[in-house]
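J.: Residues or ranges marked as active site, proton acceptor in TrEMBL: D135. Taken from TrEMBL, the feature ATP binding site covers G10, R73, T74, G110, N111, G112, S113. The Mg(2+) binding site annotation in TrEMBL covers N111. What TrEMBL lists as substrate binding site is T133, I134, D135, R170, M177, G178, H179, E230, R274, H280, V281, Q282, R283. If you look up TrEMBL, you'll see 2-305 marked as domain 'Phosphofructokinase'. The site 'Important for substrate specificity' annotation in TrEMBL covers G112.
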Amino acid sequence: MKIGMLTSGGDCQSLNAAMRGVAKTLYNNTNDVEIYGFLDGYKGMITKNYKLMKEEDFSGILTEGGTILGTSRTPFKYINEPDKEGRDKVAGMIKTYKDLKLDCLVMLGGNGSHKTAALLSQKGLNVVTLPKTIDNDIEGTEMSFGFQSAIDVATRTIDEIHTTAASHSRVFIVEIMGHKTGWLTLHSGIAGGADIILIPEIPYNVDEVLNTIRKREKQGKKFTIIAMAEGAISDEDAKLSKKELKEKRKTYTFPSVAYQLSDELQKKAGQEVRVTIPGHVQRGGIPSASDRTLATRIGVEAAGLILRKDYGNMVCIKEGKFSKIPLEEVAGKTKMVNVDNELIRQAESLGISLGRKA
Ligand SMILES: Nc1ncnc2c1ncn2[C@@H]1O[C@H](COP(=O)(O)OP(=O)(O)O)[C@@H](O)[C@H]1O
Ligand SMILES: O=P(O)(O)OC[C@H]1O[C@](O)(COP(=O)(O)O)[C@@H](O)[C@@H]1O
Ligand SMILES: [Mg+2]
């Protein structure tokens, strides 16, 4: 059997572990397998840039971060526009699949990449996918690989800021990735003992943030750590229409939301704040042990789907168990943090402020 394999979208720590899981399971369960690795995501499939993989290519990569195949991203809205060389992208991908006489395409990607995977599946290609992202925002799965390693990095950043914040009696904002969702901030904020956690799903009130800082001061706690998601939004901005918000943001000179909040706190109450942004460090380095295990197991399940010719699905975790979900139920959706999520209740019970007005 001939398998095409690619990684798409932002990289993360256990992509290699997942590919190894797929490959080892296939090599171990059939004598007849050829894996074509497309280089730099869907781009490699469009331009027929691939490498015929050897079994040994998948050895020694369990602990390696990044992706041995490379990755790329272009917004899905441009999928039907020709690429720089004038090539029709979708037709190019289908042609490569047919030219190589592939039996299946294995795609490791996030929510954006699943739109393309679902489109290719609709066009008649056999597709099996694996959920990767540090954001944990893929619909249909309780967890994606990459997420747990990123939690560890973000938590370590909060830990490290804690010692300097305490020594200097300072207020710090640690801005955490997660795109439009607050999963990574919520988990690392709790693990790192943040005092305030701001996520996009719960617009924050600046006065409430200030009140929490003052309340802590009265308790003799001279420092405050705010874990803020990169997609967090103030309640004032949340009231605006999409168009109004776009116009307002044009007037902002801040490089990111943490600097906006820092400015608001300074202007409102003269509150001095320091900002720390770990950025892409959050998806770099070696995967954590639990992430390696998850990625490997998702890889084994994906290989199982391929061997059973159970195409058109993403491997997922549902109620703590491995399962599968049709690609059309995943594509085009974002899994947000539900405000009724028990993590939110538990964080607030603990005395963490989520920035909502009391
Ligand atoms: N060369 C390319 N040309 C067009 N689209 C591409 C190319 N490479 C990747 N893509 C697209 O880039 C997008 C990646 O999605 P994105 O939302 O950025 O990341 P993720 O999948 O990690 O959420 C997908 O829609 C994918 O199909
Ligand atoms: O790598 P880029 O293009 O700077 O994008 C940053 C974005 O990618 C992520 O790190 C991961 O997102 P994906 O898994 O969807 O690729 C987000 O948290 C962040 O918003
Ligand atoms: Mg994404």
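Easy rule for this one: first residue shown is 1, then count along the chain.
Cβ atoms here come from the backbone N, Cα and C positions, even for glycine.
Any idea what these are sitting next to in the structure?
T.: In the three-state DSSP scheme, D135 (active site, proton acceptor) falls into the coil class.
Note: T74 (ATP binding site) has no non-local neighbours, i.e. no same-chain residues 6+ apart with C-beta under 8 A of its own C-beta.
Counting every protein chain shown, 25 other Cβ atoms lie within 10 Å of the Cβ of N111 (ATP binding site). Classification of N111 (ATP binding site) by DSSP places it within a helix.
The Cβ of T133 (substrate binding site) lies under 8 Å from the Cβ of G9, G10, C12, G110, N111, S144, G146, F147, each of which sits 6+ residues away along the same chain.
Within 10 Å of the C-beta atom of G112 (ATP binding site) sit 20 other C-beta atoms, taking all shown protein chains into account.
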J.: Work through the binding-site residues one by one (H179, R274, R283) and point out the residue whose CB has the fewest other CB atoms within 10 angstroms.
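T.: Sparsest of the binding-site residues H179, R274, R283 by Cβ contacts within 10 Å: R274.
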J.: Do any of the binding-site residues G10, R73, T74, M177, R274, R283 touch ligand 3, in the sense that the CB is under 6 Å from one of its atoms?
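T.: None, by Cβ distance under 6 Å.
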J.: Just how spread out is the ATP site if you go by the largest Cα to Cα distance in Å among G10, R73, T74, G110, N111, G112, S113?
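T.: This binding site's residues have a maximal Cα-Cα distance of 13 Å.
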J.: Looking only at Cβ atoms, how many others are within 10 Å of the one on G10 (ATP binding site)?
T.: 20
J.: Could you state, as a whole number of Å, the largest distance between Cα atoms of any two of T133, I134, D135, R170, M177, G178, H179, E230, R274, H280, V281, Q282, R283, the listed substrate binders?
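T.: With T133, I134, D135, R170, M177, G178, H179, E230, R274, H280, V281, Q282, R283 as the binding residues for substrate, the largest Cα distance is 33 Å.
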J.: Tell me which binding-site residues (G10, G110, V281) have a Cβ under 6 A from ligand 1; sequence order is fine.
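T.: Near the molecule: G10, G110.
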